[in-house]
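Residues or ranges marked as transmembrane segment in TrEMBL: B:6-29, B:41-60, B:66-83, B:95-112, B:118-137, B:149-169, B:189-212, B:224-245, B:251-270.
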Amino acid sequence: MIEAGIRQVRVALAMVFGRPVNPRLVERLIGDALATIEEFGAPGDDVEQLIDGPFADPAERRDLQTRALQRTARRLAKRSVFYRERFAAAGVDPGALTPDSLRNVPVTRKADLVARPRDFICGRPQMVTQTTGTTGAPARVWVSRYEIELWPALIALSLLLRGEARPGDCMQVNMSSRATAAVQEDVEVFRLLNAATRVVGQVPPDESLDHLLDTAGVTPTLLSGYPSYIGQMVSAARRRGLGPDDFRLRGVYLGGEVLSPALARAVRETFGADQVADTYGMTELLPVGGRTCRHHHLHLDPNMGFAEVLDLETGEPAEPGRLGTLAVTPYFPYRECMPVFRYDTRDVVRALPERLDCELAAVPAVSQVLGKANRLLDTAAGLVTPRDVAEALDELPGAEWPVRYRAEVVDGKLHVTVVAEHASPVDVTERLGARRIDAVAEVVRLGPEEARALCPLRCDLEEKTFVRGAA
Amino acid sequence: MSAGETLFLAGVDCAFALAVPLGAVLYLRRVRVPRPPVGTFNGRDIAVMMGFVLALPFLYLALPGAALPAVLGLVFAGGLTVGYQPIVARTLPRWAAILALLGADLTSRLLLGGNSPVYWLANSCVVGLIVVSATNLNVQGGMRLRNIAWFILLLGLYDLTFATVLPLTQRLADAIQGYPFAPSAGLRIGGLGAVIGMGDLLAYSLYTTAAYKAYGAAGLRTALPLVVVFGGLVPAVTPPVVGWLTGHTPSLVPAQVVFAPAAFLGYLALRRRGPERRMREYLATVTLPAPVVEPAA
């Protein structure tokens, strides 16, 4: 009890003053939390304060953010060739930056990271991970041993205290094997929690279902993957006549693509999972991540990094209600090896008011990601986002997930081509019309290769196996 | 020591040794104390507690006469407000009750003297309430019977050492007795006197409450007789018995020297029933009254 209290204070002080957090200390805190749950069945009072961290306090946040930004910028100016040049060119003093003056530093784009990776490195690289490349050339991000150890420990502690994972759980990981950091992180998180992992990858969906049903060893209770791939698993499960009673899943964690309410509902109904979480994460932004609340706000962890919404038209901080792209600065000491500053994700979100009325109101939020900026559809009637279209099409009768489509604007009007077996163009226009989107619809029946060419998704990063062929 | 004095001492000690642990068990059944988000008691906490036990007497003796009651008064006030916040949620009435209680202790000592039964009753009331709350902070914080049995065993060794090899116990007893907020309970009526240390009461309370939490009614049936017999009765009757046998009556028999081995054997006997219940398992067996919540300002 006394040791655990001292450890909590040490971690909190490191977070407030921006000193490197000893991963061993966090790991011992996980041990304390496991012992607490073993004794009491749940964490103690005021656990939210521990989970949300010091930055969740609106009165303190501004000051903490300013100090964290200055600390991060000073280190970058000292160690990163790219940012030393960038700060000098912009004429900014890294030690004097504030959330308001941040706009004087140009944003960092993925192209910068792809073109000059060496100039971003500030620490000792230990492992490289890369983006999936579904939105262009993949970016490689190096992480240090400190990051490899710290991030899983912080995530494990958070999952445990929130009750989202517990000892004895088994997480089935259906992410692309290219996402090495994320996969390694999951394995380490669940090791720290005395839980198991099944790293399955993006094998044929039927094989992933076999893993979910496998009672040898530890049967999966949690599942993580991309919505398009998990959508394929839902479709495969329904084809095989499997339902909620066949699985032991308690939670499904989806991210990396738009998750529609229709698909989330289908996942819940098919796998019997109580929780279907829409998470936000990006290799370039690690360890900053986001959670979606019941009001469909995306809440980004303010302790790990600074998030901005940059107006689509002006590039300045967006007013509440305006669309903008999400730019994130992960703070030192959480990101140390290959950090980014004001990284423009090109993910379009809507800025939200500071005060929200949801279960995660203490954590700042933006809207759910609406799509990539270069995929916005500028029609005569207004902007249509990829989320608008995806959510409408996922509701088509007899939809087999993932629904693939191509959307373009012709003479100011939206034209949507949907790959579907059972839906008609009228179904498509009705679904879009219900969302006040006027469109011309076409329904096509395509083979798998043609469908992929029409609309590539993360599930297309499939991994071949011998299992089905050998049968 | 006359037979009457021995009888008085044994009766008062047994009464306190019974009443305070039962109060702690009642508190456990009725009240939930707040606990930190992460943390449960373990063996290392016992080592830290033992460190305090070793250091505190020296601190008591080192403090100038007037400072000791002031320090103890502050510690008692803090302990009472933490322990009784779940019962009296509103700050003002809680502090009013605490100050009234401490005020009664202080004024009765100043006006009526250190031999006044009123002072002893007031001081015993303060000490008893503190022990009940401290016991529950520990047991509801996850302290287990195993931890407590070992702690008491170490306490017994400590008491034996400081009563025989380094005679600190008697000096400490002399130093604190009769002060306002003395860390001991007891009663003085005329020429009769009985005193039981706060540390001893805490050991009995912790043992009984943890035994009840761990093994339910069976734990209570084992712990309470051990506490009354080896914590209240035997230490009281030992000096005259030793005097009768040897011709030399010891002035003090530290209670833990007698209680610790019995308590440890009691723990070993209870352990044969199976593993101790965890707090979550205990909580599943009780229904608590609705929590007292401080109204919004």
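Just so it is clear, glycine is given a Cβ too, placed from its N, Cα and C backbone atoms.
Contact between the transmembrane segment (B:189-212) and the transmembrane segment (B:118-137) is supported by 3 or more Cβ pairs under 8 Å, counting only residues 6 or more apart in sequence. Sequence-distant contacts of the transmembrane segment (B:66-83) (same chain, six or more residues past either end, CB-CB distance under 8 Å): 33, 60, 94-95, 98-99, 101-102, 106, 126, 129-130, 132-134, 136-137, 175-176, 179-183. Contact count against the transmembrane segment (B:6-29) (Cβ pairs under 8 Å) is highest for B:224-245, out of B:41-60, B:95-112, B:118-137, B:224-245. Counting Cβ pairs closer than 8 Å and at least 6 residues apart in sequence, the transmembrane segment (B:149-169) and the transmembrane segment (B:95-112) reach fewer than three and form no contact. Tertiary proximity for the transmembrane segment (B:95-112) is limited to same-chain residues at least six positions away from its ends with a CB under 8 Å from its CB atoms, namely 69, 73, 76-77, 80-81, 84, 88, 118-119, 122-123, 125-126, 129, 178-181.
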